[in-house]
């Protein structure tokens, strides 16, 4: 690997490296995933002229880090929602307010995690950096799923993960194709089908793993008791989850090592690409690592608030838990990534937009979902891959219609419009789901915990 140095980790803060980071600029670009390319469109350059005049190096480094990490994004305006959610918790404010503020606070945090993993990739090299980016790409969804699981809210876990897949396949991709088609209405937008084909093969594998446990419950009904059927579905799901994780590991090897060229973001010589080419690390390795740990802890805190208040928000807003989990959580939680995908579609860079939507859907379907099943298994919680007939049907239709939409390697606004309309149809279906809260929480086959109390200072959540 070109440009490797033997000196220990160190770099002067804010883009003035004292040594050469691992990998050349070209190699570092290869280590970036579509998630990072998408999120980078929401970043803004920092003006550090005032900070550079601070005489004390420690204070100057801290202020520089603060400027780059907190204020270096166009979503910085949403950061006040984080302390607001915490204060509302201590003051005993209505839980729907805490739920809404926590969701808003998660939006910039998800984008900043992407920024920090990219900063670390400057030091780890393109391969390890790409692996880090791929692993942390959906950290918010994984944290919410695990916290909901520890509260025994299995339905919320299933709904939120399914919603993330549907959102990426229909909403994000549909909006990107529609906006890109309108912005480039006088010319045909084209993209490389190869990476899309790989993602669809894996998504179909994931769908098969969801379909078979569902069919077992129907085909074996009457031949065995409900308890036996439940055990069969649980055992099948755990076995399938191991297979899904193996397939995801193979996908990472395929993406980062053997066929990396298929997943490279398209490289056109324009102003944006020149900017990307000149990017350097703006914070040191250990500063980036510390910020990443801190951001992850804050995401975990806000995710706990979201999980603990979702039923109360459902009652107050007269919305079903299924609608909030499948529609609202993915839209707000991934707003930064979604906006970036649309921006690149406007720039006629559909390969990046596709990489965001399909890559994220694949990661959730083949990594986050089976990992959640394994974690539930370890915790002694019965969670399977049977998401229900309606939910599994929505997943199947979404994968099939998206595959047909992208089969010819070209795009126009009508394709995006159809995907968006499909998403609206699914949203309407879950919007009219008015099952009572307790039934809504258990209708996927698992009894929710009757009383989950989370005490954080003066704030107490009950569900």
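Note that Cβ sites are derived from N, Cα and C of the backbone, with glycine treated the same way.
Per Swiss-Prot, the feature N-linked glycosylation site maps to 318. All protein chains considered, the CB of residue 318 (N-linked glycosylation site) has 7 other CB atoms within 10 Å.
Annotation source Swiss-Prot lists N-acetylalanine at 2, citing a large-scale study or a structure entry.
Residues annotated as region 'Required for autoinhibitory regulation' in Swiss-Prot: 25-33.
Annotation comment: Swiss-Prot describes 56-62 as region 'Required for interaction with autoinhibitory region'.
Swiss-Prot lists 87-95 with the feature region 'Required for Ca(2+)/H(+) exchange activity'.
Among the features that Swiss-Prot reports, region 'Cation selection' is placed at 137-172 (among others). Beyond the region 'Cation selection' (137-172), the same-chain residues lying 6 or more positions past its ends with a Cβ under 8 Å from any Cβ of the stretch are 33, 35, 106, 109-110, 113-114, 296, 299-300, 303-304, 306-308, 310, 321-322, 325-327, 329-331, 333-334, 337-338, 341-342, 353, 356-361, 363-365, 367-369, 371-372, 375-376, 379, 381-383, 387, 391, 394-395, 398-399, 402, 419-420, 422-423, 426, 440-444, 446-449, 452, 454, 463.
Among the features that Swiss-Prot reports, region 'Cation selection' is placed at 333-368 (among others).
Taken from Swiss-Prot, the feature topological domain 'Cytoplasmic' applies to 2-68 (among others), supported by sequence analysis.
Assigned with DSSP, the residues of the topological domain 'Extracellular' (90-96) fall into helix, strand and coil as follows: 4 helix, 0 strand, 3 coil. Look at Swiss-Prot and you will find 90-96 (among others) tagged as topological domain 'Extracellular'.
The topological domain 'Cytoplasmic' annotation in Swiss-Prot covers 117-127 (among others).
For 149-161 (among others), the entry in Swiss-Prot reads topological domain 'Extracellular'. Restricting the average to the topological domain 'Extracellular' (149-161) gives a pLDDT of 92.
The topological domain 'Cytoplasmic' (183-197): residue composition by secondary structure is 6 helix, 2 strand, 7 coil, according to DSSP. The feature topological domain 'Cytoplasmic' is assigned by Swiss-Prot to 183-197 (among others).
Positions annotated as topological domain 'Extracellular' by Swiss-Prot: 219-238 (among others).
The annotation topological domain 'Cytoplasmic' is assigned in Swiss-Prot to 260-281 (among others) on the grounds of sequence analysis.
Residues or ranges marked as topological domain 'Extracellular' by Swiss-Prot on the basis of sequence analysis: 303-325 (among others).
According to Swiss-Prot, the feature topological domain 'Cytoplasmic' maps to 347-360 (among others), an assignment based on sequence analysis.
In this chain, the transmembrane segment (412-432) lies out of contact with the transmembrane segment (97-116); the count of Cβ pairs under 8 Å, excluding pairs fewer than 6 apart in sequence, is fewer than 3. Residue counts of the topological domain 'Cytoplasmic' (406-411) by helix, strand and coil are 0 helix, 2 strand, 4 coil (DSSP-based).
The recorded stretches the transmembrane segment (198-218) and the transmembrane segment (385-405) share 3+ CB pairs below 8 A when only pairs 6 or more apart in sequence are counted, and are therefore in contact. Counting same-chain residues at least six beyond the ends of the topological domain 'Cytoplasmic' (183-197), those with a Cβ under 8 angstroms from any Cβ of the stretch are 177, 262-263, 266, 345-346, 348, 350-351, 354-355, 358, 406-413. Distant neighbours of the topological domain 'Cytoplasmic' (406-411): 177, 180-181, 188-193, 196, 200, 350, 354; these residues of the same chain sit at least 6 beyond its ends, with a Cβ under 8 Å from one of its Cβ atoms.
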